[in-house]
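Here's the structure we're looking at; comments come further down.
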Amino acid sequence: MAGPVQSIERAAAILRLLAAGPRRLGLGEVAVSLGLAKGTTHGILRTLQHVDFVEQDAATGKYQLGAALLHLGTSYLDVNELRSHSINWADALAARSGEAVRLGTPLEGRVLVIHHVFRPDDTLQTLDVGALLPLHASSLGKVLLAFGTANLDSAVDAGLEAYTRHTLASADELTHALAEIRENGWGAEVQEMSMGEAGVAAPIRGHGGLAVGAIGVSGPVERICDARGRPELKLLTLLRETARAISRNLGAARW
Amino acid sequence: MVERYVMSIDQGTTSTRCILFDHRGRLVSVAQREHQQFFPKPGWVEHDALEIWRNLRRIVPEALSGAGDGVAAEAVSALGIANQRETTVLWDRRTGTPLSRAIVWQDTRTAPLVEDLRSDPGDAFFLERCGLAPSTYFSAPRIRWLFDHTPGLTQRAANGDILFGTMESWLIWNLTGGTAGGRHITDVTNASRTMLMNMATLAWDEELLGFFGIPHAILPEIRSSAEWYGEDRSVLPGRPITAALGDQQAALFGQTCFSPGEAKCTYGTGSFLLLNTGTDVVRSSNGLLTTVAYKLDEQPAVYALEGPIAVTGALVQWFRDRLELISSAPGIETLARTVEDNGGCYIVPAFSGLFAPHWRSDARGVIVGLTSYITKGHLARAALESTGWQTKEVVDAMNADSSLTLRELKVDGGMTSDNLLMQILADVLDVPVVRPMAAETVSLGAAYAAGLAAGYWADLEVLRGNWHRAAQWLPDMDPTRRASEYENWQRAVERSLGWIRPSNGP
């Protein structure tokens, strides 16, 4: 097993140093306090600033702990900001797939729909932003569970209600499915929430690859899936390209 | 067969974008570059026209290579341009060099001149001819200002050495060869914003030219918004340039508002509501601008009523950058949703006066109804509501001016990602608010016009078929409450008026 990563140890030391004092510290003060070269210190501070763990005062150039550290346990990305970053890509996904698109984030053991693009056929449709979906029976929810954005225990605590005979209503089944979703990089829901309906979803990632939400396409099962009941490959390609584009837009480097 | 595309250039206030669209009006690739904003004095705003031209030459190849496996220049059926309107540049015909930086539409240096014009000969003289009352917004006062402040310009212009253009003229002249035979043309929509074009004849108005002392020789030829202008000889050699429209007219076209009574509002820093009034020139008696919406080739021109609102998104930016109440613009929705209503608080964001329908340069921003109960959440909600009420004022003026009553509002622009604002709009306007699936309506409109002229699309019906609803918000507000809130808003507006007194300066 590899030893400790030096730069992470140093980053932790910088955070402890900034947390200890009541006042902001300059680059030189941080470097001297920890016995590090200024260049090294600067690189680490800039990275910490990039992830909002450290803030730099515009006037003095001095550093302090970032507000993001105070909210480590809660979602760091405002849902309205996530929608704003996603809106153009979500539109393009709906236009190309011909199906409705939704974005979801976790809220109290459910999936909160934070964005909805109509199926582009100009039929009467109702905006369901603000609606709540079950974590275990929706493709958005399963992706949020699989990539750690939502907590599996909270889903199980909420009760794994069987909406149809296809719903994954036991913790074992669900755990098995989530492993598969992690493996594939996408998740599907085939008649698990309502008969005749299906959906596929993929994670949206922020800094460092952390999943901050999920984007999904849904519609009648015969349009989402092929004859064998598996999601259409073309649809999956479009979906995953879209999820990657939004993730890049949010600052996730490798996706 | 090679798949073909239409290329659109959107030369905007902060950046220039190049977008490729496919036959279904879907975005294939996009490249963008920002240009520098110059603020040499308070109220002055300038751009470097050469920098913008350089940016254009960079982003065109970027857009071509950015599309999947790359697109060859030959696969571009036609090129269309949408541009920031009224921004004024003069350049030397023989060297291609601008005489100075371009004076941007937001620039208010011509305010003293405009004040004079409004008292003598007065608004009516201008309204009758060009459909516009004098404002620092339009090009003609800027050209006059340049003549008054550039030594030797009058002589050089008389010699035929100087060319005037708004940004589309400057770019088309450069694209079609520049000093080596570049075409000096503009389109009716851009010409309609100079204060120099006669709204009925769609030709330069000799009386207005005489009045402003602007020689005919510097003016571009006025052409239709969609027709063959010439071949590109720079970035896409041999490809036809077939459209130009002012950005707001392009957005109206991109939203496929082709029938009288159809309207769109683009929500950005400011907001611009345009209502198609068909082939009739509707003169406003309620503070709206009469403008050309588009003219396709030999067909009759289609007109629009326009209501520009100076500050909408800019108020949200002010919350973010000056008050630091939010860390990002979308955060205004999060903050506004922390409360149920405005708590009795109203914000009139008359930061540099009020545009349509008031046109009061003596107004300044006010926040009224403050009590110790008010939180930042109420302020955020009042900020979003101000965009709603300002839109309602413009819609009411349109309904009063035209026999066409607005039945639905098509929206676009960055603020349409704010769901609370969209619901507020539907509530206060009492009509459905609809967002199309194509967010880039300005670019799309220029592409549509170019593609029509080049035969890439057959007719307007095909374009209508490309339009799809992405979201819709329905009115859900008690009429009594709507009426009393609107009355409160109007009382707030009254309190913003007349704050600047002549002795205080602008």
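Cβ coordinates come from backbone N, Cα and C, glycine included.
Look at TrEMBL and you will find B:Thr13, B:Arg17, B:Thr269, B:Gly313, B:Gly414 tagged as ADP binding site. Around B:Arg17 (ADP binding site), the same-chain residues six or more apart in sequence whose CB sits under 8 Å from its CB are B:Ile9, B:Asp10, B:Val30, B:Ala31, B:Gln32, B:Ile59, B:Glu440, B:Ser443, listed in sequence order.
According to TrEMBL, the sn-glycerol 3-phosphate binding site annotation covers B:Thr13, B:Arg85, B:Glu86, B:Tyr137, B:Asp247. All protein chains included, B:Asp247 (sn-glycerol 3-phosphate binding site) registers 29 other Cβ atoms within 10 Å of its own Cβ.
In the structure as shown, the Cβ atom of B:Gln317 (ATP binding site) sits within 10 Å of 14 other Cβ atoms. Residues or ranges marked as ATP binding site by TrEMBL: B:Thr13, B:Thr14, B:Ser15, B:Thr269, B:Gly313, B:Gln317, B:Gly414.
According to DSSP, B:Arg85 (sn-glycerol 3-phosphate binding site) sits in a coil region rather than a helix or strand. Taken from TrEMBL, the feature glycerol binding site applies to B:Arg85, B:Glu86, B:Tyr137, B:Asp247, B:Gln248.
Annotation source TrEMBL lists domain 'Carbohydrate kinase FGGY N-terminal' at B:5-254.
Across the domain 'Carbohydrate kinase FGGY C-terminal' (B:263-454), mean pLDDT in this model comes to 93. Per TrEMBL, domain 'Carbohydrate kinase FGGY C-terminal' is recorded for B:263-454.
Per Cα geometry, B:Arg85 is the residue among the binding-site residues B:Thr13, B:Arg85, B:Glu86, B:Tyr137, B:Thr269 nearest to B:Gln248 (glycerol binding site). Ranked by CA distance from B:Tyr137 (sn-glycerol 3-phosphate binding site), the binding-site residues B:Ser15, B:Thr269, B:Gly313, B:Gln317, B:Gly414 have B:Thr269 at the top as the closest.
Neighbour counts of Cβ atoms within 10 Å were compared across the binding-site residues B:Gly313, B:Gly414; the minimum falls on B:Gly414.
Between the binding-site residues B:Ser15, B:Gln248, B:Gln248 has the most other Cβ atoms inside 10 Å of its own Cβ, all protein chains included. When the binding-site residues B:Thr13, B:Thr14 are scored by other C-beta atoms within 10 Å, B:Thr13 scores highest. Listed in sequence order, B:Trp105, B:Tyr137, B:Phe138, B:Ser139, B:Arg142, B:Thr166, B:Arg193, B:Thr194 are the same-chain residues six or more apart from B:Glu86 (sn-glycerol 3-phosphate binding site) with CB atoms under 8 A from its CB. The Cβ of B:Arg85 (sn-glycerol 3-phosphate binding site) lies under 8 Å from the Cβ of B:Trp105, B:Thr166, B:Thr189, B:Asn190, B:Arg193, B:Gly246, B:Asp247, B:Gln248, each of these being in the same chain and 6 or more residues away along the sequence. For the pair B:Gln317 (ATP binding site) and B:Thr269 (ADP binding site), the Cα-Cα distance reads 8 Å. In the structure shown, the C-beta of B:Tyr137 has more C-beta neighbours within 10 angstroms than that of any other entry among the binding-site residues B:Tyr137, B:Thr269.
Within the set B:Thr13, B:Thr14, B:Ser15, B:Thr269, B:Gly313, B:Gln317, B:Gly414 that the record links to ATP, no two Cα atoms are more than 18 Å apart, and one pair reaches that distance.
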